[in-house]
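Enquirer: Okay, handing you the structure first.
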Amino acid sequence: MFDRVWLNANLATMQGEGLGPIEDGAVAAKDGRIAWVGPRATLPLPLAGHAAEITDCAGAWILPGLIDCHTHLVFGGDRAGEFEQRLAGATYEEIARAGGGILSTVRATRAATEEALLAAAAPRLQALLAEGVTTVEIKSGYGLEAGTELRQLRVARRLGAAHPVAVVTTLLAAHAVPPEFAGRRTDYARHVAEVILPAAAREGLADAVDAFCERIAFTPEETALVFDAARAAGLPVKLHADQLCDFGGAALAARYRALSADHLEHASPEGIAAMARAGSVAVLLPGACYFIREEKRPDVAAMRAAGLRMALATDMNPGSSPALSLLLMLNLGCTLFRLTVTEALRGVTVHAAAALGLADRGRLEPGLRCDLALYRIARPAELCYWIGGNPCCGRVVEGL
Ligand code: NIG
Ligand code: FE
């Protein structure tokens with residue numbers, strides 16, 4: 001009756017408002033979907049007996065497979081040199097304004113072949129998977145011209161095909177102004193809207209569209225040009241918003257009913273309330289906050305009070321968050337942003353799924369994809385508690 005059954009496990013189902021814990025639970029899969037989940041004692045026993053494969057989890061905890069809903073993991077080169085410059089006193093913003101930062105990764109990415117980008121990105125992806133990630137979002141944004149932007153997205157698709165993981169792609173051509181458009185920022189935003197975005201949509205390479213709305217990147221008006229084009233192409237939008245200053249990004253994201261607005265360290269209470277009303281998810285990126293030594297924290301208390309859903313992600317990128325561990329982000333989310341364990345864990349499962357517009361995963365519930373992460377831990381809080389180490393002892397993607 002079932003293809004596979006996992007027994008002798010504790011479950012964090014994420015059903016309801018909390019972790020939805022079930023001690024001594026069982027999960028059953030059929031055709032890649034969860035067919036049954038609940039306490040082992042209530043498992044329809046004759047059916048379990050007919051499962052093709054039964055796994056004894058020896059007391060492990062099973063969570064929905066983790067979802068890293070914000071990464072830039074396809075890029076050329078690295079920025080360790082800039083890290084040293086920052087250690088010597090330069091700020092992230094100063095380096096960007098001097099033509100380094102994102103633009104230095106653009107130079108390295110443009111120079112890299114599709115094969116080279118794939119080879120560089122694969123180990124980064126594998127590091128995330130090893131911790132129990134089963135869905136990952138990957139953005140472009142280091143090409144800033146059609147050819148390289150599409151190449152990055154093609155690499156992201158190929159990574160998904162070559163690994164047991166679901167990859168969701170996002171076009172982030174509006175990430176910085178390329179040298180060809182120096183001094184013509186609005187013209188570049190129009191070029192993204194009229195040329196790059198339609199090309200990515202035509203080739204089916206983008207599942208969503210993102211932009212960097214910031215004083216070192218694009219204004220809300222320029223971002224709106226890109227978002228209008230996304231709407232015309234039928235693509236959902238996301239936004240890098242209010243990371244370095246309050247630039248009205250959260251409110252803009254809400255106006256476009258964005259799936260998410262991300263960063264939000266400087267988002268205003270009004271912006272946060274607007275996002276909650278629009279149903280957008282707040283994606284918190286403690287790795288970036290930590291790594292660029294941003295002192296302002298996202299207003300988690302206001303987000304809670306507004307009933308805004310909060311997700312957590314690595315923001316894996318060479319400049320502001322060279323983070324290859326989503327589990328570490330759980331720890332940073334709790335320590336730096338004061339998230340509760342429940343908030344942090346829902347942030348990498350059910351709310352991360354919402355940040356990607358995916359209704360078919362993020363919880364353990366019949367009918368959803370059977371994506372599971374198994375951990376050798378005594379209680380879920382351990383996933384947020386350890387700094388380093390990896391208790392992941394099993395991973396299942398679509399029942400396999
Ligand atoms: O999410 N904020 C813009 N984009 C990235 C950083 C990109 C980079 O520095 O290469 C971020 O922090
Ligand atoms: Fe980012």
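Even glycines carry a Cβ here, placed using N, Cα and C.
Because TrEMBL annotations are produced automatically, they should be read as predictions rather than curated entries.
As listed in TrEMBL for this protein:
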type	residues	note
DOMAIN	61-374	domain 'Amidohydrolase-related'
BINDING	H70, H72, H240, D315	Fe(3+) binding site
BINDING	H70, H72, H240, D315	Zn(2+) binding site
BINDING	R79, Y142, H175, Q243, S320	4-imidazolone-5-propanoate binding site
BINDING	Y142, N317, G319	N-formimidoyl-L-glutamate binding site
Enquirer: Given the binding-site residues H70, H175, which one's Cβ is surrounded by the fewest other Cβ atoms within 10 Å?
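Expert: Each of the binding-site residues H70, H175 was scored; lowest Cβ tally within 10 Å is H175.
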Enquirer: Least buried of the binding-site residues Q243, N317, S320, going by other Cβ atoms within 10 Å?
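Expert: The binding-site residues Q243, N317, S320 were compared, and S320 has the fewest Cβ atoms within 10 Å.
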Enquirer: Can you list which of these binding-site residues (H70, R79, Y142) have a Cβ closer than 6 Å to ligand 1?
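Expert: Close enough to ligand 1 is none of the binding-site residues.
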Enquirer: Given the N-formimidoyl-L-glutamate site residues Y142, N317, G319, which other residues of that chain have a Cβ within 8 Å of the mean position of their Cβ atoms, reported in sequence order?
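Expert: Checked against the 8 Å cutoff, the neighbours are H72, F75, R79, I102, T105, G141, P318, S320.
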Enquirer: Any of the binding-site residues H175, D315, G319 with a C-beta atom under 6 A from ligand 2? Give them in order, or none.
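Expert: D315, by Cβ distance under 6 Å.
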Enquirer: Find, for the listed binding-site residues H72, R79, H240, the residue with the lowest Cβ contact count at a 10 Å cut-off, counting only other Cβ atoms.
Expert: R79
Enquirer: Taking 8 Å from the centroid of the Cβ atoms of H70, H72, H240, D315 as the cut-off, which other residues in that chain fall inside it around the Fe(3+) site?
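Expert: These residues sit around the Fe(3+) site: T71, K139, D210, D262, H263, L285, A288, A313, M316, N317, S321.
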Enquirer: Near Y142 (4-imidazolone-5-propanoate binding site) in space, meaning Cα within 10 angstroms, which of the binding-site residues do we find among H70, H240, D315, G319?
Expert: none
Enquirer: Looking at the binding-site residues H70, H72, D315, N317, G319, whose Cα is closest in space to that of R79 (4-imidazolone-5-propanoate binding site)?
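Expert: That would be G319, the closest of H70, H72, D315, N317, G319 to R79 (4-imidazolone-5-propanoate binding site).
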Enquirer: Determine, to the nearest whole angstrom, how far the Cα atom of H70 (Fe(3+) binding site) is from the Cα atom of Q243 (4-imidazolone-5-propanoate binding site).
Expert: 14
Enquirer: Whole-number Å distance between the CA of H175 (4-imidazolone-5-propanoate binding site) and the CA of H240 (Fe(3+) binding site)?
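Expert: On Cα coordinates alone, these residues lie 9 Å apart.
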Enquirer: Between N317 (N-formimidoyl-L-glutamate binding site) and H240 (Fe(3+) binding site), what is the CA-CA distance rounded to a whole number of Å?
Expert: 13
